Structures are given as structure tokens and as C-alpha cells.
Amino acid sequence: MLRIHKEGKIIIRNSLFILLLLNLALIGGVRMSKSVTTALGISSTLLGLWILYFFRNPTRLINKQEELILSPADGKVVAIKQIYEDEYFKEERIQISIFMSPFNVHVNRSPISGVLEYFKYHPGKYLVAFHPKSSTKNERTTAVVKRIDGIEVLFRQIAGFVARRIKFYPKVGDEVHQGDEVGFIKFGSRLDIFLPLNADIQVNLKEHVRGGKSIIAKIASEEEE
């Protein structure tokens, strides 16, 4: 059975109500050609099914391992690069960007277990999510989780051209577990994750990943190193 995310309940209710009224109007004899009426009926039905599909929230079994960095989102890896992170770390980090299309699951998950050390919401623009400046210009959130061994991972939810609503659930000081649901972005977006330079990257450009399942990187604790 399709499990629906809580963020979609109001949107689904309102959308299906509007689509129902449209179809009732078509059935009731709005003056249109048969071909147009049929096309509108099929289109509205497909749209309703897509809205239900978009807000799906599949159950996932998480294979938790402390040294692993799991993907925080479903989507395609569109960037892997070394960059200066100027909001929290203020030093060079490895940035991995995951683009979420409107057909991906949009649940966001914690890549590691630890404590939420930092969180900030940034209002902004709505450039397309794959635009180079979207990570600094768009509406976004920045969150940092600290592992028990002191290693910190920053991940950033970025709204895209369609997405205009970011949700992040934990509060600073909360304990989060690897693979736990921590947020949601509606209708197409991007998620950036910033890792230490010594991280052993496990993904490639254009690779498709699944939140809470795909291994993004490995970071051994300082004791193991």
C-alpha cells in the first residue's frame, strides 16, 4: 500500500478536490468537443495520480554503520568538488550535490548519527536547482550533525524553481540517527552535503542514489586512523 508523507496531505486533499470539480464539470456537459473533454479528463486523472506518487514515503530498512555517510536524499549526483564552505566550517570541504527531480522521493534523511549542532534557515530566490548559484542564492537550510567521535557533516536543503517549501524537523541539540527522516522539500530541489577532505568518496557523477540506502562516503574515526 502506498504510504503518503504528512507534508502532502493538505496539498493532495485540495488538489484532488479541484480535479474532482473539473471532472464533474466535464461530465455535466461543459460545451467542449469530445476530444478536448477526453484529453482534459485523462490529464486531470494523471495529474492527480502524480501528486499522490510525489508524496509517497516508502519504508526503508537502514543499514546503520558509524563510518559510513549515507545519502541524505534520492536523486542524481550532479557535482563532486572541493570548495570553501564559508557558513560554518570556513575551510575547504568536499561538496557532493544531489539533484532531486519531481519524480524522486523528496524525504530527506540524516547521513550520520549524532547531535544536531547547527541549523539555519536562509530565505532566498528560486533559481533552477542545478544552477551553480542556487546553493548560495536560493531559499535553503543548513544543518550540521556531529558524530560521537567529533566528525561533523553539513548538509544543505536547497529549494529549486518549482520547490518553494522546505521543511526541517529536528532542533539544535536533538539527537538524530543515521537514516532518520529529518526533512522534506516540495516539488524538485537539491541537497548538498559537505564532507572532510579525508573522506573516501563512494559515488560518481551522474550516479543515482537513494536516501538512507546508498553509501556516499566513508569517514573513519580519528582513533581508527
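Each position is counted from 1, following the chain as shown.
Each Cβ is built from the backbone N, Cα and C atoms, and glycine gets one as well.
Under the heading active site, schiff-base intermediate with substrate, Swiss-Prot lists Ser189, citing sequence analysis as support. Cβ neighbour count for Ser189 (active site, schiff-base intermediate with substrate) (all protein chains, 10 Å cutoff from its Cβ): 32.
When secondary structure is read from DSSP and collapsed to three states, Ser189 (active site, schiff-base intermediate with substrate) falls in the strand class. Residues annotated as pyruvic acid (Ser) in Swiss-Prot, with sequence analysis given as evidence: Ser189.
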